[in-house]
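These notes concern the structure reproduced below.
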Amino acid sequence: MVELNLTTAKKRPSAVARLSAEPLDDEARLRQLGYKQELTRELSLLKNFAVSFGLLSMLTGLGGFYTYGFTHGGPVSVIWGWPLAVTMTLTVALPMAEVCSALPTSGGVYFWAGTLGGRHGPLYSWITGWFNLLGQVGITAGVEYTVVMYLQQVISISEGRYYEFTRAQQYGLYCGFIILHGVANAISVKLLGWLSVVSVYWHVLGTLGVVIGLLVIAPVHQSAGWVFGTFIPNPDTGVNNPFYLFLLGLLMSQWAMTGYDTSAHIAEETKNAAIAGPVGLIMAIVGSFICGWMFLLSLTFSIQDPANITNPDTISGGYATSQIFMDAFAARFNGNTKPALAFMLILFVASNWCGTFCITANSRMLYAFSRDDGIPGSRWWKRVNPTTGTPINSIIAMGAAAILLGLSLLGSTVAFSAMSSIGVIGMYISYAIPQFLRLTVARKWFKKGPFHLGKFSLVIGWIGVFWCAFITVVFALPNQYPVNSQTLNYAPVAVGVTLIFSLGWWLLSARKWFKGPVRNVDVAVKTACLAEAYQRGELDDASEPFTKSSDDGELEEAPGPVTSSSKKDGIPLGSRGILVSCAGGKENIAAREAIDVFTQLYEADHPESAAAPSTSGGDVAALLAAEVADLKDHRKSLFYYHPTGIHSTVFVEIKYPGSPGPCELVSRACEAARQSRRAGTKLCNRFYPVESTCYASLEKIREAGATLARERFPTTGAEAKEGIQFAVQYEHRAAPGLDRMDVINAVVNNIKTPPHKVNLSAPQKTILINVLKTTCGFAVVEDFKQLLKYNIRLLATPPEEEEAKEGEGKAKAEDAEGADEEQPAPVESAAEVSEEKVEQEVEAGKDEPAAGGSEAPETKAHV
């Protein structure tokens, strides 16, 4: 045989290719990250974007805060503060999207801080989690207060007079809206997805309607010089420094641009999360910037009387946004302000979408934090309702927290700005921590996902960290002087309490039991603490590309149907062949030996394929060159081998259709070795037939199991009536986060019982399942006894050596008996074979290295 010489070129896919690749297997990636799929995954990229876009809600954030922005610098603060805040926000959001792509879980910033923090990951995740919860509650409280204020303006416009809520009424409505939005979240994820899409249309069309309609209706427009260049001081704030006043006015823009991490918090409910999450996040910011600036420009250009929009004696009571609407309509329609109700209703409905998605984000954060037991009552908050697929207990808890924070409405005139400051500071501290860790602690071992910033990652990341620190200081400063109980900015108090509480609890107790993000699957075989697991590479078995396309590049010398888009770990999906366990470090040579063996068997059935070319009357050199060219063209080869990326394992693909198939080839090779006592190979140990392969996720394995059941376990006819007795043998080599019994059940549950049923003692067929990193192979062996003889090296052992091995194997078994007494009884093998000789062969074969390297493959039965 001509030796095959296959080399691979490490060719990195372009960004466009990665982002347009086949959808990721989210369940497999999530399990790789240490968690099982519990939330219902119903959201697409559009819906993920829609939830974040609806939460940012420029009609709510900018409309509700326009009065604050205008009284802290006038048009300059409003118009220029917005693009400044959004530009700097992108330096925070782009690195966040990069990390979200690599680690798409509901924990978001909390999970990232824990996994990127190295040996101090638990402490970082603890602090990040508490600050994020504080920020989430603050943002929710500010939004729900805005909903109440919009309702007040709707009533005032409809009645033609300022309708003032009492403090009790205000607080009661505030609580009522929180409950309403919580109920909308609790019903189902599918409903939430539908609401998010409706919200996008409402915000886009509503913004266009308000922007265009207001500019058309307003009879007078301010000049561009006034809109873009006028700074209006406000002596009532007690702040005389224009720059300080402008910085305080940034709270309007920065508060409106907070909460975009929602795309990360709903990653476990999003399909293709490693791409949809980060792309949805950035799309939400860019879309909000465009809509928001249009809205601000329309409002500011349409001001009829700048002194009137904050006048407390008007119908709006000094609420600038609605007063601009009313002044424009009054100027156009001879004092009639009632039509302004239409614009105000658009804003009111938009604010309800925003409140709904605030509850979505903070409940998912609490769920993720509780999943790792990071908060009192975790066992309650991490429960997912089996009917709705939503964390109802977390929704209730976060709603209750916002209701408690809303008590400040009863005793402070600056409660709204304080709530907003708390939200912004808490959120941006939690944004900065994982970003800082990504740039420092995890700089060398962070593995990027499909979406990343390339060489700009570090520069943009450091700018974002600086901005987070800067606004944290600015928004903790007093925004009104003199400072007293009525004008106190409670934000630094809330931040200080959170910091003291979290650090104090950590030092006194939490450091002894809180391990940061911890896996809830595969605990027995992988590192439980995910911070440690990430450093060891356990969270990234698939490295950078988590798509079904490979990062291995294309074969240089053998281009053909096996390309980077059709294989995983070097093994083609949907192929058949033989998995070869061999001597470590000699995989290429072992593969060629195996191909020699299988080729001889194939040629025995197809003598015409082995006929030598005739040299009579022809150019011998030309004929030989043609034959060598045919052999080098792997599309004309009978067999083709693929490195698996696992030590001492290689896959030999069968390229021809028909027979002999994998099981027949392996059975005949082993039978020949047994009869002749010659293996025909020096480096191959075991052969594992594979009749088909698929991507190693439960979803794909379930589909493959259904196909296997249809083809090999009939539901009609005599064989179906009698029923087939079968067993399952499962083995893994460097498997992803798949539970053994979950995989077995995914296959077995497709086989109708009755008539077919599991029989471990005397199965007529045995289903072989081999999981190899992220590829799963299947085969059905008719005679299970043959399966135990697939150790070709053992079968070729001379009788005298075999007897020596048998004795050695029995001695080792006796030595191990005492140690096994303290261990739980193992699950029986997929079948028990009574013949003593076969049992001895199997026992002796256990002394060999496992196909996966140092870790022996696991063999269990479905019971």
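A Cβ is built for glycine as well, from the same backbone N, Cα and C atoms used for every other residue.
If you look up TrEMBL, you'll see 45-68 (among others) marked as transmembrane segment.
Here TrEMBL flags 80-103 (among others) as transmembrane segment.
Taken from TrEMBL, the feature transmembrane segment applies to 123-151 (among others).
For 171-193 (among others), the entry in TrEMBL reads transmembrane segment. Long-range contacts of the transmembrane segment (171-193) within the same chain: residues 39-40, 42-44, 47, 50-51, 140, 144-145, 147-148, 151, 165, 269, 352, 355-356, 358-360, 363, 385, 388-390, 392, 395-396, 399, 402-403, 406-407, 409-410, each at least 6 residues beyond the stretch ends and with a Cβ under 8 Å from a Cβ of the stretch.
If you look up TrEMBL, you'll see 200-221 (among others) marked as transmembrane segment.
Sequence-distant neighbours of the transmembrane segment (241-260) (same chain, 6+ residues past either end, Cβ-Cβ under 8 Å): 52, 55-56, 58, 60-62, 65-66, 68-69, 72-73, 76-78, 81-82, 84-86, 89, 93, 135, 139, 142, 231, 233-234, 281, 284-285, 288, 292, 358, 361, 417, 420-421, 423-424, 427-428, 471, 474-475, 477, 479. What TrEMBL records for 241-260 (among others) is transmembrane segment.
What TrEMBL lists as transmembrane segment is 272-296 (among others). Residues of the same chain lying 6 or more positions beyond the ends of the transmembrane segment (272-296) and with a Cβ under 8 Å from any Cβ of it are 19, 23-24, 26, 29-30, 43-45, 48-49, 51-53, 56-59, 61-63, 66, 78-79, 82-83, 86, 89-90, 93-94, 96-98, 100-102, 104, 203-204, 207-208, 210-211, 256-257, 260-261, 263-264, 449-451, 546.
What TrEMBL records for 340-361 (among others) is transmembrane segment. Long-range neighbours of the transmembrane segment (340-361) within the same chain, counting only residues 6 or more positions beyond its ends whose Cβ lies under 8 Å from a Cβ of the stretch, are 51-52, 54-57, 59-61, 63-64, 136, 139-140, 143-144, 146-147, 150-151, 153-154, 157-158, 177-178, 180-182, 184-185, 192, 195-196, 198-199, 202-203, 206, 209-210, 213-214, 259, 261-262, 265-266, 321-322, 325-326, 328-329, 395, 398-399.
For 392-410 (among others), the entry in TrEMBL reads transmembrane segment. Sequence-distant contacts of the transmembrane segment (392-410), counting only residues of its own chain at least 6 positions beyond either end whose CB sits under 8 Å from a CB of the stretch, comprise 133, 136-138, 140-141, 144-145, 167-168, 170-171, 174-175, 178-179, 181-182, 185-186, 359, 362-367, 370, 377, 380-383, 385, 418-419, 422, 490.
For 416-437 (among others), the entry in TrEMBL reads transmembrane segment.
According to TrEMBL, the feature transmembrane segment maps to 458-478 (among others).
The feature transmembrane segment is assigned by TrEMBL to 490-508 (among others).
According to TrEMBL, the feature region 'Disordered' maps to 541-569 (among others).
The domain 'THUMP' annotation in TrEMBL covers 669-782. For the domain 'THUMP' (669-782), the model's average pLDDT works out to 83.
Annotation source TrEMBL lists region 'Disordered' at 799-863 (among others).
The annotation compositional bias 'Basic and acidic residues' is assigned in TrEMBL to 806-815 (among others).
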Statement: If one takes Cβ-Cβ under 8 Å and requires six or more residues beyond its ends, the residues near the transmembrane segment (123-151) are 57, 60-61, 63-65, 108-114, 116-117, 165, 170, 173-174, 177-178, 181, 255, 258-259, 319, 344, 347-348, 351-352, 354-355, 358-359, 361-362, 365-366, 369, 372, 374-375, 398, 401-402, 405-406, 409, 415-416, 419-430, 433-434, 437, 494-495, 498-499, 501-503, 506, 510-511, 514, 516-517, 531
Message: If you count every Cβ pair below 8 Å, which range out of 45-68, 200-221, 416-437, 458-478, 490-508 shares the most with the transmembrane segment (80-103)?
response: 458-478
Task: Mind tallying the domain 'THUMP' (669-782) by DSSP state, helix then strand then coil?
output: 37 helix, 37 strand, 40 coil
Chain residues outside the transmembrane segment (416-437) and at least six past its termini with a C-beta under 8 angstroms from it: 65, 68, 92, 95-96, 99, 109-110, 112-113, 116-118, 124, 127-129, 131-142, 145-146, 251, 254-255, 258-259, 261, 405, 408, 461, 464-465, 468-469, 471-472, 475-476, 479, 488-491, 494-495, 498
